[in-house]
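Trainee: Below is the structure I would like to discuss, written out as structure tokens.
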Amino acid sequence: MAPSRKFFVGGNWKMNGRKQNLGELIGTLNAAKVPADTEVVCAPPTAYIDFARQKLDPKIAVAAQNCYKVTNGAFTGEISPGMIKDCGATWVVLGHSERRHVFGESDELIGQKVAHALAEGLGVIACIGEKLDEREAGITEKVVFEQTKVIADNVKDWSKVVLAYEPVWAIGTGKTATPQQAQEVHEKLRGWLKSNVSEAVAQSTRIIYGGSVTGATCKELASQPDVDGFLVGGASLKPEFVDIINAKQ
């Protein structure tokens, strides 16, 4: 990892937790040592964004797990970036594979959400990644480049974007991409940014890895030159998240 890229660890709590056990988790995180050279962001369920922001130490930022592409309107069940900011959160996760595959979100919709969230001043954790059949068919590159292009077409300022590579076959399955597999894709993604956006953006943009990251797997993954952090699912609800935050130490 280039020294200019601050290590980034996101915890995606997904649809988990209640105030009591999330409060306990927050207590653990508040007591934890967060290295000065590491940025930490937690993404609670929407109903708990306010709760998490009030309870979490200011050293840990808060993200929403999703948002819509417009400011207000007749969109029952949706939330806007403006609402997310009003609750004190500063980031949003967009394009997560569960949004793509469980809820049928298209590349186009995700691109529109990215553009609107950035325009409203949120940081965006933009997720991309291939399914198992796509990896086995040898089209990983094609899939992740196409997804990245739609995101890139909607970004004016890359300083507020973190790219999260999440091989779908490794999410919640216990299968982790090997450090070498992760590095290979991250390196290719950085190459794509260099060729299609700019050398400066390629060097400064953080590309993080997601997919069954645990306290046991994080150190070797973090040692790869193009792995700039993690987006952590299940393990972010456990005390081992503190170990992952300290993966570079």
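Using N, Cα and C of the backbone, Cβ positions are placed for all residues, glycine too.
The feature active site, electrophile is assigned by Swiss-Prot to HIS96. Per Swiss-Prot, active site, proton acceptor is recorded for GLU166, and the stated evidence type is sequence analysis. Per Swiss-Prot, the feature substrate binding site maps to ASN12, LYS14. Under the heading SUMO1 cross-link, Swiss-Prot lists LYS142. Positions annotated as N6-acetyllysine by Swiss-Prot, on the basis of similarity to another entry: LYS14 (among others). The 3'-nitrotyrosine annotation in Swiss-Prot covers TYR68 (among others). The phosphoserine annotation in Swiss-Prot covers SER80, SER106, SER198, SER212, SER223 (among others) and rests on similarity to another entry. Residues annotated as N6-succinyllysine in Swiss-Prot: LYS149, LYS156, LYS194. Look at Swiss-Prot and you will find LYS194 tagged as N6-methyllysine. Residues or ranges marked as phosphothreonine by Swiss-Prot on the basis of similarity to another entry: THR214 (among others).
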Trainee: Looking only at SER198, SER212, which of these modified residues has the biggest number of Cβ atoms within 10 Å around its Cβ?
Mentor: SER212
Trainee: What's the CA-CA gap between LYS142 (SUMO1 cross-link) and ASN12 (substrate binding site) in angstrom, rounded?
Mentor: 26
Trainee: Would you please pick out, from the recorded positions LYS14, HIS96, LYS142, the one with the fewest other Cβ atoms within 10 Å of its Cβ?
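Mentor: Comparing Cβ neighbours within 10 Å for the recorded positions LYS14, HIS96, LYS142, LYS142 has the fewest.
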Trainee: Quick one: of ASN12, SER106, SER223, which of the recorded positions has the smallest count of other CB atoms within 10 A?
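Mentor: Output over recorded positions ASN12, SER106, SER223: least Cβ neighbours within 10 Å is SER106.
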Trainee: For GLU166 (active site, proton acceptor), which residues in the same chain are close in space, meaning a Cβ under 8 Å from its Cβ, but six or more apart along the sequence?
Mentor: HIS96, SER97, CYS127, ILE128, GLY129, TYR209, GLY210, GLY211, LEU231
Trainee: Within 10 Å of each Cβ, count the other Cβ atoms, then let me know which of the modified residues LYS149, LYS156, LYS194 comes out lowest.
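Mentor: Counting other Cβ atoms within 10 Å of each of the modified residues LYS149, LYS156, LYS194, the minimum falls on LYS156.
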Trainee: Just jot down the residues in the same chain as THR214 (phosphothreonine), at least 6 apart in sequence, with C-beta under 8 A of its C-beta; none if empty.
Mentor: THR176, ALA235, GLU240, ILE244
Trainee: May I ask which of the modified residues TYR68, SER212, SER223 is closest to LYS149 (N6-succinyllysine) if we compare their C-alpha atoms?
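Mentor: Given the candidates TYR68, SER212, SER223, the nearest one is TYR68.
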Trainee: Relative to the Cβ position of TYR68 (3'-nitrotyrosine), how many further Cβ atoms are located within 10 Å?
Mentor: 19
Trainee: Using SER198 (phosphoserine) as the reference point, find which of the modified residues SER106, LYS156, SER223 has the shortest Cα-to-Cα distance to it.
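Mentor: Checked the modified residues SER106, LYS156, SER223; minimum Cα distance to SER198 (phosphoserine) goes to LYS156.
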